[in-house]
Amino acid sequence: MNQVRAWTLDEGAERARASYRAAFGAEPDGVWAAPGRVNLIGEHTDYNGGLCLPIALAHRTYVALSAVEAADVTLVSRQEAGTWSAALADVGPGAVDGWPAYAAGVAWALGQDGHAVGGFRAAVDSCVPYGAGLSSSAALESAFAIALDDVFGLGLGADDEGRQALAAACIRAENEVAGASTGGMDQAASLLSRPGGALLLDLRDGSRTPIPFDLAAAGLALLVIDTRAPHRLVDGQYGQRRATCEAAAARLGVPTLREVAPAELPSALAALDDVRLPDGSTVPAELVRRRVRHVVTEIGRVEEFVAALTSGAARDVGPLMDASHASLRDDYEVSCPELDVAVEAARAAGALGARMTGGGFGGSAIALVAADQVEDVSESVRAAFVGRGWAEPGTLSATGDGAAARVLDDAGE
Ligand code: GAF
């Protein structure tokens with residue numbers, strides 16, 4: 001199967017630096033990099049004040065950047081054609097289309113928070129698969145956040161509290177400038193992860209707890225399968241799920257669905273009715289109940305997953321992954337045929353558990369596999385795809401990497 005290799009930090013830094021030199025004929029002030037993520041469990045829970053458990057990938061987005069005198073932004077990317085430029089004052093909601101919204105949007109959001117961010121120019125390169133549900137958007141935002149923080153001396157990247165503020169600026173850029181109503185898990189994973197650990201995020205109180213994640217010690221591995229079925233969050237489905245949850249919470253008289261305890265689920269479901277969304281559409285009660293059931297049961301699965309990992313029982317998380325996938329497929333309806341086939345083929349080949357990861361509607365699946373079965377499981381998934389006439393999926397390995405950081409000082413020193 002196609003292994004999607006992560007660049008080494010030196011390799012990524014050198015690529016971004018070379019792009020910068022080619023575009024601007026000078027050395028950058030430095031190069032910064034931020035990881036994509038896979039979420040182990042806790043899907044579509046972040047915007048419900050819930051729990052999720054991402055790990056950072058070794059796959060990163062690299063940004064070579066310099067401050068400039070003029071209050072302008074100039075951007076190039078190895079993944080996109082052309083040069084994008086604008087006056088900093090013209091960047092904001094409704095004013096930027098496409099990938100620059102995720103990059104320049106961060107400068108706008110930091111400015112809104114009162115930070116003095118001036119003009120800059122930057123070259124981007126990335127080995128985070130694009131549109132694979134592995135947070136290429138958050139990696140792009142976070143790489144710009146950490147670079148701008150450093151170059152303009154904001155001092156936020158130095159500790160977790162400051163990084164939380166950078167993550168908030170990235171979320172604002174994504175929600176308000178790029179127009180994707182995502183929930184915040186991905187930016188926290190990219191800016192706050194620690195090597196060798198998963199990050200338990202509690203979106204109700206904003207707390208973060210590092211959770212040991214050492215599958216190798218248990219003779220296991222996490223196989224990430226990029227189905228190559230394109231995944232989009234800016235279309236209506238993600239926003240519709242979020243709006244349904246918010247309307248259901250309002251109907252139940254709680255700020256978010258996090259407040260519905262598992263024991264109260266039956267009575268909460270019984271109290272739900274059709275809901276009307278801000279766009280004027282109506283979601284029938286039966287569908288609202290399934291959406292709510294997913295969110296409440298998924299938060300419970302995160303707690304069980306964390307308990308298994310912290311007690312050294314990593315193998316026990318397999319059934320929780322299976323249950324999460326079934327809930328996302330049947331109740332939340334965010335899976336797709338490629339994700340279901342990847343999950344089923346991995347399980348049939350001996351995976352201890354498998355599920356879609358990320359927002360869904362395409363993107364990636366993860367499978368918990370005995371370390372010596374990674375090849376066999378990968379091959380079975382490949383055969384299942386090829387047998388259906390689909391493109392071969394890509395595979396990545398994920399062990400839990402570190403957060404966004406500077407990877408090259410000025411002039412390549
Ligand atoms: C996407 C979003 F960006 C996240 O905020 C989260 O909601 C996820 O989908 C689903 O868990 O990655």
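Backbone N, Cα and C atoms are what each Cβ position is placed from, and that goes for glycine too.
Nobody curates TrEMBL annotations by hand; they come from automatic prediction.
These figures come from a predicted structure and were not determined experimentally.
Pulled from TrEMBL:
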type: DOMAIN; residues: 19-66; note: domain 'Galactokinase N-terminal'
type: DOMAIN; residues: 102-193; note: domain 'GHMP kinase N-terminal'
type: DOMAIN; residues: 306-385; note: domain 'GHMP kinase C-terminal'
Could you please provide the mean pLDDT value for the domain 'GHMP kinase N-terminal' (102-193)?
97
Please count the residues of the domain 'GHMP kinase N-terminal' (102-193) that DSSP assigns to helix (H, G, I), strand (E, B) and coil.
53 helix, 7 strand, 32 coil
What is the number of residues in the domain 'GHMP kinase C-terminal' (306-385) that are helix, strand and coil, as DSSP sees it?
49 helix, 12 strand, 19 coil
